[in-house]
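According to TrEMBL, the feature domain 'Major facilitator superfamily (MFS) profile' maps to 105-529. Taken from TrEMBL, the feature transmembrane segment applies to 102-122, 142-164, 198-219, 231-252, 258-280, 343-367, 408-429, 435-463, 475-495, 501-522.
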Amino acid sequence: MQGAALAVKARTGCGLGLTGYHGECGGRRGSRSSVRMSSGIGCCGLRRGSAFMETELARARIGFGSLLRSSAKAKSVRAQASEEDIEGVAPLKPQTASSGIVLPYVGVACLGAILFGYHLGVVNGALEYLSMDLGIAENTVAQGWIVSTLLAGATVGSFTGGALADKFGRTKTFQLDAIPLVVGAFLCATAQSVQTMIIGRLLAGIGIGISSAIVPLYISEISPTEIRGALGSVNQLFICIGILAALVAGLPLAGNPLWWRTMFGIALIPSVLLALGMGFSPESPRWLFQQGKIVEAEKAIKTLCGKDKVAEVMQDLTAASQGGSAEPEAGWFDLFSSRYWKVVSVGAALFLFQQLAGINAVVYYSTSVFRSAGVESDVAASALVGAANVLGTTVASSLMDKQGRKSLLMISFTGMATSMLLLSLSFTWKVLAPYAGPLAVVGTVLYVLSFSLGAGPVPALLLPEIFASRIRAKAVSLSLGMHWISNFVIGLFFLSFVNKYGISSVYLGFAAICLLAVLYIAGNVVETKGRSLEEIERALNPST
């Protein structure tokens, strides 16, 4: 669900970047290579409407009965709603606390997020040792394949995850996802050849690619409105926890060079638990409703939200279906239709800004930055960066449903721009030369904090919120597929830009992109806090 920058530094000098929809954590540096991760995963651009339009929009959304009796005039109001800012319209119903039990099922889903982070981070400490064991210590090309195959598999998995979730349901897709995760981890742990290791990494990549699509989707669809933001941002926190777990798992390597096999084998445990846990987890009520399984949907709502919420949620689902979400599931080409392209393009734009904001650069150079300040331990540097990310993500979780998604995004990108400017100046201004090391450390930590406040967790939360139910799974998959591809491409050419223009100039470019992101968000992203998915859908995706 971030998910989601993975900078791979091999002896070839090539950086492969992956910024997920989920936070930033540094890994441990080996003698031959270093992998740094940060996983960081939109809104429809709408113009601010007049008071009259806001009143009409509110009227158009009052109750299912009046919605059914509305005439062509009401349809016109709903159509105009897609071109108006819904921020000024108060939520229709007061939000009350749910009496259901949703946290255990969110926890089960987050096993997928932990696996996402763990598979990204596990190769960092293990690469040097598995290279010696498999006889490729001097073969940087083979090492690069072992690292980058995971990204290729993740791209495939992210594109297929949405289609699987639409066809089989969310929980069944999680169980299917456990197959490549288990087989991939087993092959990596027992590999006696490079070919077996690459196949294992490819399968594990497919597994985490599917997870990256369905974890935020499932969480958003089962979470009560009043805490959906906090629960959605937990996805990123668990990805970072997975990366940190991989870092900790690598500590015994110095005393036991064959420990790398155990590191890959550890991933079997959460993979199996994910499959078993989803066997007891309720299916998404929204998917069940779309499939016409009304009784099952009511049962799931009762489990997740409590008996007192069943009628209210069912009324929302029924009202949304009258607005068009009862139509057949959308095909891939429907995402590019005039009806949905605007909202899909804004989701893609947020991912693009996330990738171009410089997370790869900060992670790639974090080791040298900390060493310039006298921090010689890579583990200590990684721990500091990881702690900054966990702190920022925790704060974001507590503010998501209070401060709102849009304001957190703007605060985040503003802080990132400021941090990039500080990093750039620390490298170039002679007057700051005596303080260059400490300033660079401060800039790095501030950047990570700022990233984890909004740019990391918010896009992953917003995507399932803003996409209509009939396109939600495929649109999330498309966005994440493009996300993985852009990470790979940006990481591939990053070092070339650094060598040509210098790191200081590149940092200034990142700062400018962050400022552009602030302007774009201010004009195109709408606030979704405190609104049910059905309310958001009716406002942003009117029927045609």
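Numbers here mean position along the shown chain, with the first residue as 1.
Each Cβ is built from the backbone N, Cα and C atoms, and glycine gets one as well.
Keep in mind that TrEMBL annotations are predicted by a computer and have not been checked by a curator.
What you see is a predicted model, and the numbers here were worked out from it, not measured in a lab.
Counting Cβ pairs under 8 Å that are 6 or more residues apart, the transmembrane segment (475-495) and the transmembrane segment (198-219) reach 3 or more and are in contact. Using a cut-off of 8 Å between Cβ atoms, the transmembrane segment (501-522) and the transmembrane segment (408-429) share at least three residue pairs, counting only pairs 6 or more apart in sequence. If one looks beyond the transmembrane segment (408-429) by at least 6 residues along the same chain, the residues whose Cβ comes under 8 Å of a Cβ in the stretch are 350, 353, 357-358, 362, 369, 396, 399-400, 435-436, 439-440, 442-444, 446-447, 449-451, 453-456, 458, 503-505, 507-508, 510-512, 514-515, 517-518, 521-522, 525.
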